[in-house]
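Before any comments, here is the structure.
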Amino acid sequence: MEKQSSPKAEVAELELEAVIGFNGHVPTGLKCHPDQEHLIYPLGCTILIQAINTQEQNFLHGHGNNVSCVTISRSGVYIASGQVTFMGFKADIILWDYKKRELIARLSLHKGKIEALAFSPNDLYLVSLGGPDDGSVVVWSIAKREAICGSPAASLNVGNATTIIFSRCRDEMFVTAGNGTIRVWELDLPNRKIWPTECQTGQMKRIVMSITIADDDSFFFLGTTTGDILKMNPRTKLLADTGPVKDKFSLGVSAIRCLKMGGLLVGSGAGLLIFCKSPSYKPIKKVQLQGGITSITLRGEGHQFFVGTEESHIYRINFTDFKETLIATCHFEAVEDIIFPFGTAELFATCAKKDIRVWHTLSNRELLRITVPNMTCHGIDFMKDGKSIISAWDDGRIRAFAPETGRLMYVINNAHRIGVTAIATTSDCKRVISGGGEGEVRVWQIGCQTQKLEEALKEHKSSVSCIRVKKNNEECVTASTDGTCIIWDLVRLRRNQMILANTLFQCVCYHPEEFQIITSGTDRKIAYWEVFDGSVIRELEGSLSGSINGMDITLEGVHFVTGGNDHLVKVWDYNEGEVTHVGVGHSGNITRIRISPGNQYIVSVSADGAILRWKYPFTS
């Protein structure tokens with residue numbers, strides 16, 4: 001066995017073609033740019049600039065951790081974004097140039113998290129609010145890219161401030177609000193101070209979730225967790241009115257926007273979007289959406305607007321007819337698996353938590369969604385004839401669905417004791433091989449109407465993480481988290497060979513000539529093994545940190561790809577054992593990765609719900 005420490009060759013960058021993903025949990029994270037042609041929203045550590053009418057995407061990379069807030073200046077020249085970081089460390093704010101799509105400056109003062117950001121109306125200042133561990137509000141000069149002054153955001157006897165909004169007319173006034181605190185601030189530039197005035201709400205105690213201000217600064221409106229709206233006067237700092245008195249908004253007013261023509265757009269935590277007016281706040285128009293509403297952003301004056309929800313849906317709504325159009329959607333839980341149908345790269349399927357989704361590759365469109373509520377799908381596979389999607393679920397069932405309609409074709413009940421964790425199909429479409437959380441590998445015979453257990457192979461001591469079947473269907477290999485990979489004879493239904501290593505195996509692949517397999521797992525090593533006698537041929541250092549969770553090999557066997565907890569997609573030369581390309585773009589742990597049939601794309605999926613499509617770097 002040879003140990004290899006490869007000299008650093010020049011490693012090229014993988015080209016990122018498309019991202020399917022939107023973090024709907026960021027409050028007011030979805031923004032429409034003033035040019036009315038682009039949407040800007042966060043996904044993990046990245047900020048996406050998505051053209052509304054075309055497929056074009058741009059990415060702003062620069063944050064080292066998840067983005068927690070995004071804002072755009074009124075002129076549209078600047079974008080600012082803040083992130084979360086670990087306790088006690090500084091969290092960065094990044095100022096971006098929108099036209100050039102590049103980083104202008106990093107502003108770091110706050111610790112732990114940036115809660116909210118706002119630009120002044122004439123792009124002179126940026127004001128930032130630190131998270132609960134920081135609790136300060138800081139005003140930055142955009143021209144000098146430095147802090148002018150700061151102050152604690154709320155007094156000691158109330159909760160934290162969580163939202164912020166700048167005046168629409170004056171560069172010297174802004175409002176912060178949060179748990180029991182509403183403050184109007186005045187910036188005193190000559191003395192480099194900011195002066196707060198506490199707003200009086202009398203007996204009312206409220207936790208503010210969202211905030212908006214009228215175009216002429218006459219009033220600002222606050223949405224609360226109680227589900228009502230407070231209307232405040234910024235000059236007198238007094239409460240003008242509050243409502244609705246009766247039917248309050250379920251799960252709080254999580255998003256609120258003032259319209260130029262008067263009236264408010266209000267989004268609730270229960271997914272209800274409403275147009276209403278002060279002082280009654282009774283719904284004039286309403287529409288029910290999926291997932292709690294976290295952002296409402298206007299396109300232009302507000303004849304059309306976009307709404308983002310917690311379930312990562314982006315809707316376009318025209319004000320006149322108030323009907324929703326779903327324009328983008330993605331997984332909002334960790335994606336567990338990705339699979340292409342046999343021989344085509346036109347579409348692919350992914351699974352996450354309770355749903356399986358089929359995507360059109362080129363347009364990033366969701367074609368089909370199959371939902372099984374309150375269950376978790378751990379793995380999927382297409383039958384080779386393309387007539388069914390076989391899926392593995394944590395309730396111990398194997399379910400088969402029709403890929404065009406999503407109709408449930410059959411269920412195998414009690415397939416495994418501790419959930420089905422891995423699944424594979426044979427190319428003659430007559431067998432399904434499943435692995436369970438208890439370590440059993442089961443071979444199922446699939447007839448026209450019947451599904452019969454052919455054999456239960458009990459060797460593994462812990463859950464099965466990956467199953468791959470040989471092309472001639474006479475052999476398969478299963479990887480398990482007990483530190484073994486077993487090669488099974490599918491004709492005699494016995495074990496042929498066992499591979500032992502001090503690791504939790506996460507993934508395994510047959511070399512297309514099928515005399516070698518490659519494995520990887522939590523020890524970060526990529527190992528090549530002889531199928532015939534189970535001996536190790538060589539080991540490569542797969543990554544510098546974190547487990548390797550996914551791997552796939554081309555049909556020719558010249559290159560393979562890996563992805564894992566270091567968030568990098570790596571393309572390897574099989575014979576040299578060296579990295580040729582690296583793809584940077586994920587911000588969660590990569591869970592699975594596939595090369596499309598025909599070697600056009602690499603698709604990788606991650607624990608933050610993102611699906612990334614990369615251009616395959618070699619022409620086949």
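Backbone N, Cα and C atoms are what each Cβ position is placed from, and that goes for glycine too.
Curation does not apply to TrEMBL; its annotations are automatic.
Taken from TrEMBL as is:
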REPEAT    107-142  repeat 'WD'
REPEAT    413-446  repeat 'WD'
REPEAT    457-490  repeat 'WD'
REPEAT    541-582  repeat 'WD'
REPEAT    583-620  repeat 'WD'
Per-state residue totals over the repeat 'WD' (107-142) - DSSP helix, strand, coil: 0 helix, 24 strand, 12 coil
Counting by DSSP, what is the helix, strand and coil composition of the repeat 'WD' (457-490)? 0 helix, 20 strand, 14 coil
Per-residue pLDDT averaged over the repeat 'WD' (457-490), given as an integer: 92
Using DSSP, how many residues in the repeat 'WD' (583-620) fall into helix, strand and coil? 0 helix, 19 strand, 19 coil
